[in-house]
Amino acid sequence: TKGKKYSRIRSFNGAVPGEPVKTDKNSRRGNWGNQIEFILTSVGYAVGLGNVWRFPYLCYRNGGGAFMFPYFIMLVFCGIPLFFLELSFGQFASQGCLGVWRISPMFKGVGYGMMVVSTYIGIYYNVVICIAFYYFFSSMTNLLPWTYCNNPWNTPTCNGVVTPTGINNTLANVTRSLVTGAAEVAVEVVNKTKRTSPSEEYWKHYVLKISDDIGNFGEVRLPILGCLAVSWVVVFLCLIRGVKSSGKVVYFTATFPYVVLTILFIRGITLEGAVTGIKYYLTPQWHKILDAKVWGDAASQIFYSLGCAWGGLITMASYNKFHNNCYRDSIIISITNCATSVYAGFVIFSILGFMAHHLNVDVSEVADHGPGLAFVAYPEALTLLPISPLWSLLFFFMLILLGLGTQFCLLETLVTAIVDEIGTDWIIRNKTVVTGGVAIVGFLLGVPLTTQAGIYWLLLMDNYAASFSLVIISCIMCICIMYVYGHKKYFKDVEMMLGFPPPIFFRVCWRFVSPIIISFILIFTVIQYKPITYNDYVYPGWSLAIGFLMAMSSVTCIPIYALYKISKSEGTTFLERLKNSCKADIKWGPALSEHRIGHYAAPSSEGEVEVRPLKEELKEKEDEKRDEISLTIQGSNGSTAHNTTPSA
């Protein structure tokens, strides 16, 4: 019929404006099973170990409740806009962190830089997960092994917070009867002396068997190596079918940490001294708001916590359907991430407040961040709780799930970039082989971090591999999209995808505010730079040089690839080649043909669409005339009668 013919004409060139798109699936590349899978995966990616071991300490150090003000200001003006930019970027092109740079091929080095950063993070992040696995397995006992100082690995300076039953009461009575004024002074001096806790000695002398220098690798710690293999196998199995399998796993890995946090929160606030810890965490010190360092820390925490410039956001969004509302998603995920950080602070400081009360010291003396909080301070606090192995199991299980949520996206970023770049049917069909290969390489590169000097290298990578390089990558990405490709064109692209243009607030942030804040973060990072240390150990100069090389290795991808692309571009002069290398590739745009409308429609397709309707109309007119002749019978009186019988 005529209606069917015109529907074929319309579908030939894609979706008609104003009509719903009937096909929105990328069957060749794959999509998320549903939108909840994407949101949970992105939440798992953004919410990681840093939310638990970095944010609460930063908040405490930078003015408590007063830190929340610059933190949420940076979230609104930098975090959410950058998050939305990366999601829309990946979703529009349905490509990973390499393929999206068809928008301006000269800047493809930014994509390679993202891959390098994700590689570094993926290597050491899984080592942290494997140590959490080790502690999780060690907690499956009646008595936590870091409870007392009577173990072979303990030193004479070990001083535990828990003593065997009966001994503590006896010592307390003797002390009470003997202490005089002079003795009280002596006790005060002893109390101020830094003690070595059994949890710290367990961490250093048993788990790590830490060496005295970063260059002294010693032996490979086989238990940690075994746990590293377990963690990589878990990651591989969860990604064995790409987003189809990981999308199902995140229903558990992204939600269960909140269950554990809530259990630990309820337990924490019921402990004596918990209120003191929470007060230390939240009490505003308003005078610190005027300190540039506080604003710098707030901006840096938002930027690094959301995972901007890692390539993971672009990759995850690339598996969305074309018309998905990523604007809504970016707001939901960003706010969820920051709310989790604040919530985790209550959990951590309620326990640390209890510990400070038990030891009769200030909360600042037990507050810590990074591995020191996760594997020393918090485990020690857990020994003070009744049924301590249960709470220890829950805490380390939470750390494992938080780490895996981020690790899934890091590995998928690398795999997707490789598969999209090669793009053959064979490699798309055998994506599992690529995933397995990347996992094996990641495991082998992580082996040096399981040696006795591994913790030194892990902290070196954490401080340098993903520091100022991420800020530079993100800044160049904003400049490329807004100023090289053109903000007007990109706003139209987003409107074509979402059905509405980006709100004016985001347009202003993308063009001006966010790049300025990113530049501020970069300047602040340089000014605030201090050579890395680990407790009392000072890193030698040659190791810091390696750290800078790691940081620069991702950034140098950008100018190297730009020069390569310019040299290969058409043109007789340098300016002509530069101009041609910046132009969007002919393949830039929506991945599916039904979405390539307007100036994205292929010229050949447009030609056919213009000619075909004319041919169809002429043919229809001929058919109508033929039908009219055959269906019309001349009457004897000159009138016409239409035969409506089926045979006619």
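Each Cβ is built from the backbone N, Cα and C atoms, and glycine gets one as well.
Look at TrEMBL and you will find 38-56 (among others) tagged as transmembrane segment.
What TrEMBL records for Gly44 is Na(+) 2 binding site. In sequence order, Val250, Thr253, Ala254, Leu402, Leu404, Gly405, Thr406, Phe408, Cys409 are the residues near Gly44 (Na(+) 2 binding site), counting only same-chain partners six or more apart with C-beta under 8 A.
In this view, Ser305 (Na(+) 1 binding site) is surrounded by 23 other Cβ atoms within 10 Å of its Cβ, with every protein chain counted. Taken from TrEMBL, the feature Na(+) 1 binding site covers Ala46, Val47, Asn51, Ser305, Asn337, Leu402.
The annotation transmembrane segment is assigned in TrEMBL to 68-89 (among others). Below 8 angstroms of C-beta separation, residues 59, 100, 103, 289, 294-295, 298-299, 301-303, 306, 308, 313-314, 316-317, 320, 326-327, 329-331, 333-335, 338, 342, 474, 477-478, 481, 494, 497-498, 502, 506, 509-510, 513-514, 517-518 of the same chain, each at least six residues beyond the ends of the transmembrane segment (68-89), sit close to that stretch.
Residues of the same chain lying 6 or more positions beyond the ends of the transmembrane segment (110-137) and with a Cβ under 8 Å from any Cβ of it are 49, 96-101, 207, 223-224, 227-228, 230-232, 235, 309-312, 314, 371, 374-375, 379, 392-393, 396-397, 399-400, 403-404, 406-407, 410-411, 413-414, 417, 442-443, 445-446, 449-450, 454, 457-458, 461-462, 465-466, 469-470, 473, 476-477, 480, 550, 553-555, 557-558, 561. Look at TrEMBL and you will find 110-137 (among others) tagged as transmembrane segment.
Look at TrEMBL and you will find Cys149-Cys158 tagged as disulfide bond.
Remote same-chain partners of the transmembrane segment (222-243), defined as residues 6 or more beyond its termini with a Cβ less than 8 Å from a stretch Cβ, comprise 30-32, 37, 41, 126-127, 129-131, 133-134, 137, 207-208, 249, 253, 319, 404, 407-408, 411-412, 415, 431-432, 435-436, 439-440, 442-443, 446-447, 450, 454. For 222-243 (among others), the entry in TrEMBL reads transmembrane segment.
Under 8 Å from some Cβ of the transmembrane segment (255-282) lie the Cβ atoms of residues 40, 47, 56, 59-60, 64-65, 340, 343-358, 363-364, 367, 385, 391, 394-395, 397-398, 401-402, 405, all in the same chain and six or more residues away from its ends. The transmembrane segment annotation in TrEMBL covers 255-282 (among others).
Residues or ranges marked as transmembrane segment in TrEMBL: 302-319 (among others).
The transmembrane segment annotation in TrEMBL covers 331-356 (among others).
TrEMBL lists 390-411 (among others) with the feature transmembrane segment.
According to TrEMBL, the transmembrane segment annotation covers 432-458 (among others).
The transmembrane segment annotation in TrEMBL covers 464-485 (among others).
The transmembrane segment annotation in TrEMBL covers 505-529 (among others).
If you look up TrEMBL, you'll see 541-564 (among others) marked as transmembrane segment. Long-range contacts of the transmembrane segment (541-564) within the same chain: residues 106-110, 112-114, 116-117, 120, 214-215, 456, 460-461, 463-465, 467-469, 472-473, 476, 531-532, 581, each at least 6 residues beyond the stretch ends and with a Cβ under 8 Å from a Cβ of the stretch.
The region 'Disordered' annotation in TrEMBL covers 603-648.
Surrounding the centroid of the Cβ atoms of Ala46, Val47, Asn51, Ser305, Asn337, Leu402, where the record places Na(+) 1, the chain contributes additional residues within 8 Å, namely Val43, Gly48, Gly50, Leu306, Thr340, Ser341, Thr406.
Asn337 (Na(+) 1 binding site) is 38 Å away from Cys158 (disulfide bond) when you measure Cα to Cα. Taking CA atoms as the reference points, Cys149 (disulfide bond) and Asn337 (Na(+) 1 binding site) are 39 Å apart.
Beyond the ends of the transmembrane segment (302-319), by six or more residues, the same chain brings 26, 29-32, 38, 41-42, 45-46, 48, 50-51, 54-55, 71, 74-75, 78-79, 82-83, 86-91, 93-97, 99-100, 111, 114-115, 117-118, 121, 243, 326, 334, 337-338, 341, 406, 409-410, 412-413, 416-417, 466, 470-471, 473-474, 477, 518, 521 to within a C-beta distance below 8 angstroms of the stretch. Three or more CB pairs closer than 8 A are found between the transmembrane segment (390-411) and the transmembrane segment (38-56), so contact between the two stretches is assigned (pairs 6 or more residues apart). Between the transmembrane segment (505-529) and the stretches 38-56, 331-356, 464-485, the greatest number of Cβ pairs separated by less than 8 Å involves 464-485. Its Cβ taken as reference, Asn51 (Na(+) 1 binding site) is surrounded by 24 other Cβ atoms within 10 Å in the chains shown. Of all the Cβ atoms in the protein chains shown, 28 others lie within 10 Å of the Cβ of Leu402 (Na(+) 1 binding site).
Taking Cβ pairs closer than 8 Å, the transmembrane segment (331-356) reaches residues 39, 42-43, 46-47, 51-52, 55-56, 59-60, 68, 71-72, 75, 79-80, 83-84, 161, 258, 261, 264-265, 268-269, 271-281, 301-302, 305-306, 362-363, 365-367, 373, 377-378, 380-382, 384 in its own chain, all 6 or more past its ends.
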